[in-house]
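Q: Sending over a structure as structure tokens; questions will come in a sec.
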Amino acid sequence: MSFFLLLLFLSSLCSPCLSIHAETAESHSTFTCEPVGLRMCQDLPYNATFMPNLLNHYDQQTAALAMEPFHPMVNLQCSEDLRMFLCALYAPVCIEYGRVSMPCRALCHRTKRDCHKLMEMFGVAWPDEIECSRFPDCDEPYPRAVDLQTSADPTDISPMSVQRDFGFWCPRELKMEPELGYSFLGVRECSPPCPNMYFQSPELTFARYFIGVVSIVCLSATLFTFLTFLIDVKRFRYPERPIIFYATCYMMVSLVFFLGFLLEDRVACNAASPAQYRAATITQGSHNKACTLLFMVLYFFTMSGSVWWVILTITWFLAAVPKWGSEAIEKKALLFHACAWGLPGCLTVALLALNKIEGDGVSGVCFVGLYDVTALRWFLLAPLCLNVVVGVSLLLTGIVALNRVRMEIPLEKENQDKLVKFMIRIGVFSVLYLVPLLTVISCYLYEHSYRTVWETTWVQERCRDYHIPCPFQVEQTSRPDLALFLIKYLMMLVVGIPSVFWVGSKKTCFEWASFLHRRRNKE
């Protein structure tokens, strides 16, 4: 007897009774009544169903996969009510748009009682989502007579617009393992497509080369500043010493973007897996060590560079207002370093703990806030805006104080010219830093405001391809402009170039000439 049951079970797995008719396996963009495509549910008193069904399966193909565990029990006919009960759940009768008829609790109890022993034999548990207590307390056949009177004829169905919001359903191609902690558009175990959900391949190629060229220019400029400092360490003292650390930070930022250019999307994306019906997706979290390393370096030095600029304005303020000398300011160097490296370090550790790392399919690096608006708001916009407010306030106060010194205190013409020249350098350097930084913040604010619209537009354009519900009552559609992203990456990199204008002078040329001459003599 057991051998006979095993044969029936194996044959049932191979039979096509749960397959979908090819003509009905298309996406559901309007969610109207549709012909029943499940072969198990053919020859019923009704022939039209409604999706999503009672168990939130958004198409009949998904419903068919969910019904597979019950396939042997239907073949063995453990209960005369089992087939109708399953069809009532997985392919319910469509009586009018947006409403489905639920089976009675008594029908559920009879089915569960009759098939209980056979289900135990095959190791199939009764699913929690079809627990009998969830259904209305009645004892009527399914479908009811009133349901058949109002049931829609699928041949007479006219196109209808979506009349309720089903939210975002993660396509099977974008599904990820639960333990990875992925999330996309508020849905867990889901990841954005790679390399980018907004731009086409030619646009991404152009953007990648653009970022690569700019990163090389910025890397060269900041590296020149750092090497100039190493040639004569004693030359750059406080209050201008923070410029060197600022340039070093953006040298590391440029290096990471250059590595992203070389790596393309090998780190920022998870490779496609055709065997698992999975497309290439954006890397999230800390499971990818290379992505995590790129994120840590890029975010830490981006924030640290911003803090060093604030410290630079603090040192200028101390030199201009309370008239601190270089030695007095240098005594606070330990505090400056603790703030400049410690605060960004805490933010980086917090992001690692929250698993907020995201791959960037455009630049090839890993960063934060690319898809998570909350992380963008609190870990990018908030720190950068705070640094701008504090830095500009101290900068303006210092410039006003220096101007008052120039106007009120009589100085020799040489000292007067030096002071004016110093104020001009401070002003030019500050403008060259603030313009790119404010542009980056503006780009982030624009992204923050329109991210939801872009995502809704993307879902609307791709829902039929992915066989997921389309958006409900879309009032505004928009796609991001590639120029916006190019400007953002450009300004993130060129913000480090102003350091060259500070160290660039005749003295620097003489120092480099002397350094190269000494090396030539040694050789």
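Glycine is treated like the rest: Cβ placed from N, Cα and C.
Pulled from TrEMBL, these are the listed features:
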type     : residues      : note
DISULFID : CYS33-CYS94   : disulfide bond
DISULFID : CYS41-CYS87   : disulfide bond
DISULFID : CYS108-CYS132 : disulfide bond
DOMAIN   : 28-141        : domain 'FZ'
DOMAIN   : 204-511       : domain 'G-protein coupled receptors family 2 profile 2'
SIGNAL   : 1-19          : signal peptide
TRANSMEM : 209-231       : transmembrane segment
TRANSMEM : 243-263       : transmembrane segment
TRANSMEM : 293-321       : transmembrane segment
TRANSMEM : 333-354       : transmembrane segment
TRANSMEM : 378-402       : transmembrane segment
TRANSMEM : 422-447       : transmembrane segment
TRANSMEM : 482-503       : transmembrane segment
Q: Please average pLDDT over the domain 'FZ' (28-141) for the predicted structure.
A: 84
Q: Do the transmembrane segment (243-263) and the transmembrane segment (482-503) share at least 3 Cβ pairs under 8 Å, sequence separation 6 or more?
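A: Contact between the transmembrane segment (482-503) and the transmembrane segment (243-263): present, because at least 3 Cβ pairs are under 8 Å.
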Q: Below 8 Å Cβ to Cβ and six or more residues apart, same chain only. Which residues does that give for CYS87 (disulfide bond)?
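A: CYS87 (disulfide bond) has long-range Cβ partners VAL36, LEU38, MET40, CYS41, LEU44.
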Q: With a Cβ cut-off under 8 Å, give me the same-chain residues at least six positions beyond the ends of the transmembrane segment (422-447) that come close to it.
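A: Non-local partners: 243, 306, 309, 316, 369, 376, 380-381, 384-385, 388, 392, 395, 398-399, 402-403, 406, 480, 484-485, 487-488, 490-492, 494-495, 497-498, 501-502.
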Q: Just to confirm: which same-chain residues, 6+ apart in sequence, have a Cβ under 8 Å from the Cβ of CYS132 (disulfide bond)?
A: ARG105, CYS108, HIS109, LYS112
Q: Where among 293-321, 333-354, 378-402, 482-503 do we find the most Cβ pairs under 8 Å to the transmembrane segment (209-231)?
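A: It is 482-503, which has the most Cβ pairs under 8 Å.
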Q: Counting each residue once, how many in the domain 'FZ' (28-141) are helix, strand and coil under DSSP?
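A: Helix/strand/coil tally for the domain 'FZ' (28-141): 53 helix, 13 strand, 48 coil.
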Q: Looking only at Cβ atoms, how many others are within 10 Å of the one on CYS108 (disulfide bond)?
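A: Cβ-Cβ neighbours of CYS108 (disulfide bond) within 10 Å number 22.
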Q: Out of CYS33, CYS41, CYS94, which of the disulfide-bonded residues has the smallest number of neighbouring Cβ atoms within 10 Å?
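A: Output over disulfide-bonded residues CYS33, CYS41, CYS94: least Cβ neighbours within 10 Å is CYS33.
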